[in-house]
Amino acid sequence: MKFVMYPHLWESTTAVIEGGGHERVEDIKDADFIFFNGSAPEFPDLPENIKFVQASMAGIDALVKRGVVNEKARWANAAGLYADTVAESTIGLILAQMHMHAATRLAKSWSVRPEVENNKSWLHDNKTVAILGAGGIGVRLLEMLKPFNVKTIAVNNSGRPVEGADETFAMDKAEHVWAEADVFVLILPLTDATYQIVNAETLGKMKPSAVLVNVGRGPLINTDDLVDALNNGTIAGAALDVTDPEPLPDSHPLWEMDNVVITPHTANTNERIRALTGELTLRNIELFEAGEQMATEVDVVAGY
């Protein structure tokens with residue numbers, strides 16, 4: 001098949017796809033499918049010759065919101081490829097927050113030691129971790145959490161048991177989880193139902209010692225409500241790889257809070273994922289040509 005890679009040329013990904021016998025072309029009008037690796041505003045108008053779109057990201061909610069995802073073409077994302085990197089980054093964020101790395105960095109002084117001694121918490125100390133959006137990344141995170149002997153709660157749409165979780169609840173039956181968990185990890189897709197799912201009401205149900213981690217999408221959290229909760233001691237802290245707004249302005253109060261750890265949307269990095277997306281694309285091409293559902297095909301109605 002002929003493909004166009006847009007808007008960025010990833011040479012390592014291109015080499016993998018071309019190694020499978022496919023040809024990269026410059027003009028989208030000459031292509032059978034598009035490998036898209038940009039932001040939503042960069043998405044091009046699709047001509048009728050494009051049979052499917054292979055997105056390089058795990059979630060295409062930004063494209064759905066922009067209104068470009070429709071049934072004119074089939075769509076596939078990169079779900080599953082981010083499991084190892086994002087799960088490892090999540091462990092790092094949890095530990096950095098619980099071990100008060102931000103407080104130590106901002107203090108710039110050894111005098112912060114008494115504060116850390118009195119307030120540092122430990123993941124292995126009978127903690128409960130709730131994973132909201134327990135798909136492929138969540139399952140890998142559950143595996144990485146095992147050595148810490150934590151109790152784990154998975155929350156998903158269906159309520160079907162998630163491998164490795166001690167308990168699983170459907171989203172509409174998980175209200176009690178807000179008061180039960182010590183650590184909340186958000187890996188949800190962004191939909192109308194999940195937009196600002198963490199807000200003043202849900203934050204108010206959490207333990208004062210709770211830690212909130214977001215490696216999903218920034219707008220899952222009402223940022224103003226989070227700032228208030230962190231200032232007022234409603235929860236203990238937050239660790240954020242994604243924010244709303246994003247990028248987070250340099251003057252935003254979250255940067256100066258000693259109970260907040262922030263990474264700039266780097267729970268996964270492009271360099272790590274590029275070769276993997278090439279291999280996934282080859283698999284999806286094979287399934288597409290066989291008339292089967294692609295391995296990571298997206299329901300264009302649901303958006304994931």
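Backbone N, Cα and C define each Cβ position, glycine as well.
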**Message:** Of the candidates Asp166, Asp192, Asp241, Asp244, which one does Swiss-Prot list alongside Gly136, Ile137, Val215, Gly216, Arg217, His265, Thr266, Ala267, Asn268 as binding NAD(+)?
**Reply:** Asp241
**Message:** Can you tell me whether DSSP puts Glu246 (active site) in helix, strand or coil?
**Reply:** coil
**Fill in**
Cβ neighbour count within 10 Å, max among the binding-site residues Arg217, His265, goes to Arg217
**Request:** Might you list, by sequence position, any residue in that chain lying six or more from Gly136 (NAD(+) binding site) with a Cβ less than 8 Å away from its Cβ?
**Result:** Ala79, Gly80, Tyr82, Ala83
**Request:** State, in Å as a whole number, the widest CA to CA span among the NAD(+)-binding residues Gly136, Ile137, Val215, Gly216, Arg217, Asp241, His265, Thr266, Ala267, Asn268 given in the record.
**Result:** 19
**Item:** For Ala267 (NAD(+) binding site): intrachain residues, at least 6 apart, with Cβ closer than 8 Å
**Value:** Tyr82, Thr85, Val86, Ser89, Thr90, Leu93, Val215, Asp241
**Prompt:** Using Cα coordinates, what distance in whole Å links His265 (NAD(+) binding site) and Glu246 (active site)?
**Reply:** 9
**Fill in**
For Glu246 (active site), the same-chain residues 6+ apart in sequence with C-beta under 8 angstroms from its C-beta are Gly218, His265
